[in-house]
Amino acid sequence: MLLTIDVGNTHTVLGLFDGEDIVEHWRISTDARRTADELAVLLQGLMGMHPLLGEELGDGIDGIAICSTVPSVLHELREVTRRYYGDVPAVLVEPGIKTGVPILMDNPKEVGADRIINAVAAVELYGGPAIVVDFGTATTFDAVSARGEYAGGVIAPGIEISVEALGVRGAQLRKIELARPRAVIGKNTVEAMQAGIVYGFAGQVDGVVTRMARELADDPDDVTVIATGGLAPMVLGEASVIDEHEPWLTLIGLRLVYERNISRT
């Protein structure tokens, strides 16, 4: 089986593939302070929950693919693969890795690995032109051209960042539960804040995607818009421009990149 690990700033998502199928997945908090040994213990606990894997770390795993937006965690995971997984082939997404997606940026090395991986999956699953909206710590909008190139994107504050900012900077406001409000017009402070977050972000998505699509394609209707990320369900159904929801887009992209590189490792 292939173990895929997507390390984000707030959460880390792990997926276990049997061929092209995700047979298990986990979401844990990202902690840049964890050592390789601590990560190995954590992985062993998670892997031990699956009936097709053995009790020893690495049993049943025949490949590993990792991308990370946190350099220190990537370093420790590299140590995990070296010390605990032995000869299991591992692909870590870094500059120079073969993705099959040309990056049309002033400095390609600046683009987050997860954003490129999302583009890889978008091209494979839907073709171009496409826009990937990833609802994570930041909300990112990534454009894929009709030729399958990474054409650039937009970075905006994420939903959780906005909620925290309201609670910290608003003298009479507080941190609230992320939930859908009963209506757009809130009848109390919590509902008003929830409405601002949910419908505000839905409006942001519609506005940004509409403008990007006009630049990306001669006919904006040709652009497929894919939503992913842990907080995507908060906005689905309210943002009118979203065509597809693929919660495992990054993990699928990691599988594809692994398959394109393993013969070279």
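Note: Cβ is positioned from N, Cα and C throughout, glycine not excepted.
These figures come from a predicted structure and were not determined experimentally.
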Looking at the ATP binding annotation from Swiss-Prot, with Asp6, Val7, Gly8, Asn9, Thr10, His11, Thr12, Val13 already listed, which candidate in Thr137, Thr139, Thr140, Thr189 is the matching residue? Thr137
Taking only the residues the record lists as binding substrate, namely Gly112, Ala113, Asp114, Arg115, Thr189, what is the largest Cα to Cα distance between any two of them, in Å to the nearest whole number? 38
Look up Thr10 (ATP binding site) in the DSSP assignment and reduce it to helix, strand or coil. coil
Spatially, which candidate from the binding-site residues Asp6, Thr12, Asp134, Thr137 is nearest to Asp114 (substrate binding site), comparing Cα atoms? Asp6
Pairwise CA distance, Asp6 (ATP binding site) versus Gly112 (substrate binding site), rounded so that it is a whole Å: 12
Of the binding-site residues Gly8, Thr12, Thr137, which sits closest to Ala113 (substrate binding site) by Cα distance? Gly8
